């Protein structure tokens, strides 16, 4: 009887624990719903766009954009044109996001329009090329600005920059693996710091303009270098700074009245970012000639040294905060993309596991950080940006083309937002130009390697998704088991029951 009583008591305790676990899970769900309410109004959507887009790009790309066109006038024109293109692209994504309300970014749109193969190639390329290379670029930007004050008058050694970038990746990966809340708190602090430095640079530039510092804007189109290749590469670097214009699609379901607030947030938010970017570049040119800007290792640091001395240390400090904020946000979202791909069977199943103690997709985040470190080893920022932009605009163009295709093939779909057909046509044509122009005018083997890598996803798809070979699972089982015990992670179903 004693043993039966003990078993009964254990059963009751287990039932109580299960109920508490379910109640805890329901409580977490309610908290997530409450957190979703931050996106109820257009202002929150605008803040989301501005906070996501403004990051390391505006502190890195000005030199690269200018290097391709070699004059102030075309440089400022490119920055404004990139903002227009980002706005048009975001409006196309707004129609797609309200027509197909599924998570996964471009994946469900490509799936609906073209089937599983282009959708898989997008996830394959995103997980192994575009997302980790973006993380690497941002952390290299952080390393350049963090090391610049310690090497006045000369460029920091590459080994220092790459070691600092790798350290930043490791720290951010650990933070996001340990706690969602800690990563969120860090993001809020760094976003505030980002807006402070943007305001300081813009206000300083406007004051200098009011004082008559306009000599660098005279004959602003003189000696410019204009060609299809140079404009395309300048757009690549400018559009890198605008990357994130499509991120509002990921919270479409959390927006109250998205059919009104989504396009309103885009129409206000992205032009606001465009104005900030043009004004920041104008501020740079008030104190630097084109030659001086091209010779600067860290443009914002040079600006701070000339304008804010002796408080010039403020600029590199807050730029470091800004780049860290971008890297942290990139790691947070991309880690979830790896997690979803693992859950859907497009990557190793282990990547869809979550931490038992911390409820984070730790394996996915660690995998993402490891791939990003690999990109740091051989690459420099400009090269990575060019290949990142080349790859990403292939799929941006395909996604907008999907919108045009579904206007004819999926007429039955409800379209709460319906933009004029000329907008996706323009964006698709510009995407084609951006992808083909560098290949035709200045061909490099690296572009061929990028295309071959994307197409290699077809082999992976046929072998492991279509034919579903079992032998890779037999090989990965013991590895998964040992890593599962080491990282203390379990499948999502076990973690949420």
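We number each residue from 1, going along the chain as drawn.
Each residue, glycine too, has its Cβ placed from N, Cα and C.
Record features (TrEMBL):
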COMPBIAS  1-26  compositional bias 'Basic and acidic residues'
REGION    1-28  region 'Disordered'
TRANSMEM  38-59  transmembrane segment
TRANSMEM  71-97  transmembrane segment
TRANSMEM  109-129  transmembrane segment
TRANSMEM  159-180  transmembrane segment
TRANSMEM  192-210  transmembrane segment
TRANSMEM  264-287  transmembrane segment
TRANSMEM  313-339  transmembrane segment
TRANSMEM  359-378  transmembrane segment
TRANSMEM  384-405  transmembrane segment
TRANSMEM  417-440  transmembrane segment
TRANSMEM  446-467  transmembrane segment
By Cβ distance under 8 Å, which residues at least 6 away from the ends of the transmembrane segment (384-405) in the same chain are close to it?
60-61, 64, 89, 92-93, 95-96, 106, 109-110, 112-114, 118, 122, 125-126, 129-130, 133-134, 136-137, 140, 233, 235-237, 239-240, 243, 246, 375, 421, 424-425, 427-428, 431-432, 434-435, 438, 446-447, 450, 454
Looking only at the recorded stretches 71-97, 109-129, 192-210, which one has the largest tally of CB-CB distances under 8 Å to the transmembrane segment (264-287)?
71-97
What else in the chain is close to the transmembrane segment (417-440), if you only count residues 6 or more beyond its ends and a Cβ gap under 8 Å?
85, 88-89, 91-92, 94-95, 98-99, 228-229, 231-233, 235-236, 239, 259, 262-263, 386, 389-390, 393-394, 396-397, 400-401, 403-404, 407, 447
Out of 71-97, 109-129, 159-180, 359-378, what stretch is closest in contact terms to the transmembrane segment (446-467), meaning most Cβ pairs under 8 angstroms?
109-129
